[in-house]
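Some notes on the structure that comes next.
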């Protein structure tokens, strides 16, 4: 074999068939007795196997499959468009011919080198006479049974025949199997992958008579063993050697009462061909059974599939009790037991009916009480393990069941035996007055009555009817439909019936709870087993208005005159009734009125007429009142109906709506479609020919919404990093939201996208709109300070914004600084809660809460060394332009740092993050508290919780800023002070450990207190006393000087117009030394400042008389001539005494200036001085009203030194 170098020549012959690909040429000569078949499954135009012959290999014959003749050399050409290793398969078939004692060939030698490039399958078919066993001894490595492909590419397959793949077994090399025992037509295959090496000698074959399996069997007289061959399996005889000649059967053999009987099968594996049935009998009296247990030999036919059957006979009125060790589990449906062990228990009743239940091993059912003859079957798989005792059996006289029953007033209890149940009587009272009845018992007296059943499980035999009469002929009914009898016969099949009676023209009204009722056909049952049936009595007899289940659209039913309401509950269900409300209804001519509340949204509800599919009563009418939700359309669909033959009148369907004309239709007319509003439908029947089919109707009411969706297109491309979320929070299940035409329970609009939203029947208050924005700080360029603001969202979003979240993302070497844009922050804590108008919920990037904040507090800044999310919640986002100011700084060693400036007006409360829960382990938080000058802080730990640490310790440290010394340092195992007085700005640090249990958290209260300085107080008092002494000294000196100056000075007055008088003029009649005119009794300042009064004449008139015309030293108004020149005054030669008077003031400085002049200094200040009055005798202190506080020191005005990070 070689790859075609000469394919170029041969390929010319096939160029019309192939495009070229792989080409292989080989010369093959199969051995004698060997058939080689080479084939491909690909089409001939893609791959072929060609034989090459003729002079110079010029003749070719190409097929998809070639069978080679043994001992004939042939040249093959493989030409394929696919890889040839995968395109071709080679089957090398041989036959092993055997006689009774030999095989040919005795040693199997395959051709290991033939076509090794392909997948090869070597097959050996065994031919041997009947009942001759052929053994193939494997000469190579042993084999092992395997279900997976062999790893070395060499795989053996053994089958009983070519046509039977059921018993095929796969083997791989590397095990202990060294022989195959085969019969006629058995096939051994060896599959070899391409280029895998095959040994030159594989088997050594031998033949001999078939010796089947032998076993010795012992079966007692109460046991029968039936061995049966499966007809689908190969033939195999079973022979018993009970005499000189064997007794053989090819299909079945029955054994009983034998001891060590020798059985021989004519096949190698009879367990694959035969099944074994082991039958036993157990006979019981009224008190015992023999044998008392279902004994079994676990090893008898253990490797066969076995069926064990116990037939247990019991006398009448005997209870059979079976105890199963390990318990059983009852099977439901057609399920199979996992381990293959299946139990079935069949009991035959007295009427011949067989009741069977199936079980699996392992469960809670350990005891079965049975009545009548019983058969127990146990199915055991091949090789299944069995206990020596399958069950134990006991017999006892059939016991009864006794109970005490007290009927309610106006109640009748009827106990009836179900047809076909085994014999069992029900008895009233006890002996000797006991009365028994095998069929029924009726109890009427509302007294305690003993009821006894003669069978242990009467609930399987009897059913109970509990009937009650209710009178509704007055304004109210005499009772209500309440199942107070729930304690009676709880495990029996029960039927509660209430017989209702009203006036002949009136109705009784049944109002169902809010969940309503659903009508079903009378042949169906409700899922919870509770079926309600309403019947109305008319002249023709009781009419079944309908059968109903819990949960539906029917809310009220009105019945005319007389009727009954019944409830059926099976014995295996706990009574869970519907609480009806029974009242007297209005007058009507309808046999029944059914009120229906159709649901919102899309729905279809079925209804049927009375007695459906039977006949609706003659000359009667029924009404359905439908309540249709707003913005919904309804359509009527008649699904099935039968029309009667009317003797008078016609069948009509009427539709009534408020304000509209009555619509009358027939059963075949088109019914209303796509209508709105509440409506009534009345079905009227005629008088019918009762020999024919009567009126029956089944119809459907379909409802769909008629509202229009609210559409909104959201464009988030103009808001960088902003995303929206909308979710339903209301209870209306019919609100429908969609995004891009896809209905969603929650809508997410991703950042930077556009979306088309639709809202159908969704009130704004039932929707919650939230938004979020991502703010990134991954490099210096993107880390500029920013304000947290809420962008204006699309106006088509009509629901209010519930909250807005900013997700702030930073790198590991950055810190997020959060500050109020208008003031400070306050953490919401007990005692300083934030109101509901605004809340800022701050969490770390991993979801760990930091706290809830609002404005107007003592926190100036919050620094977080992590990603942060801030969620703002407020009633109106449009009223606030910005929520927080965010900046980015270098990383901090702590997780969180608060910068706090306590207020003097009220204490400040501070708390660890996530209060009242604990801090994250092992995180660190710090507070930098800045105090105003002259104030100190009282720090109190209002609430503190310490954990039990698993690793590290918690830490609370306090130290003043700028100082290294700690004024407090405590761990979790140390008692911390409740209060601490800190004189200056300080630093508070808390660190968490890794807790084993508990959590670390604290609330701190900081109160500012004014500092008290005793030295300053003493110095102030001394200074005040010294100042007082100085003032007194000055007052004394000034007073003394005034007295001296008064005796030597004269007043000088300057008048702008008129005569000038000087002190030297002697115009007084007396000299100053002779009179007392210079002595002032009083000085009227209004005279001195008279020019300021305006109208001087009014002032002169108001003067006292004793001041007129008297020479006194006072200022008077000049009344002389003013038009003439000034008089000439001769000045005396001597100089005046300068020590006794002061020169005249400059005209610009007089008290009568030509124009006002405002001094520069504040006149209302104690520091202001009018220099015109300094040397004047009238100069004195000036009062300016109340004294203003004067700052005596400028210390308070000095700014606080900035706090640097290094000082911490």
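Yeah, the Cβs are placed from backbone N, Cα and C, and that goes for glycine too.
Your range for transmembrane segment, going by TrEMBL and the list 962-987, 988-1013, 1014-1039, is 1014-1039. Beyond the transmembrane segment (1014-1039), no same-chain residue lying 6 or more positions past its ends has a Cβ under 8 Å from any Cβ of the stretch. With Cβ pairs under 8 Å as the measure, the domain 'CDCP1 second and fifth CUB' (479-584) is packed most heavily against 401-472, out of 105-208, 213-284, 401-472, 894-1007.
Confidence annotation: the domain 'CDCP1 second and fifth CUB' (105-208) carries a mean pLDDT of 86 in the model. With DSSP states grouped into helix (H, G, I), strand (E, B) and coil, the domain 'CDCP1 second and fifth CUB' (479-584) comes out at 4 helix, 56 strand, 46 coil.
Residue counts for the domain 'CDCP1 first CUB' (25-98) under DSSP, split into helix (H, G, I), strand (E, B) and coil, are 7 helix, 44 strand, 23 coil.
Per DSSP, the domain 'CDCP1 first CUB' (213-284) is made up of 3 helix, 47 strand, 22 coil. Each residue in the domain 'CDCP1 third and sixth CUB' (894-1007) gets a DSSP state, and the totals come to 0 helix, 62 strand, 52 coil.
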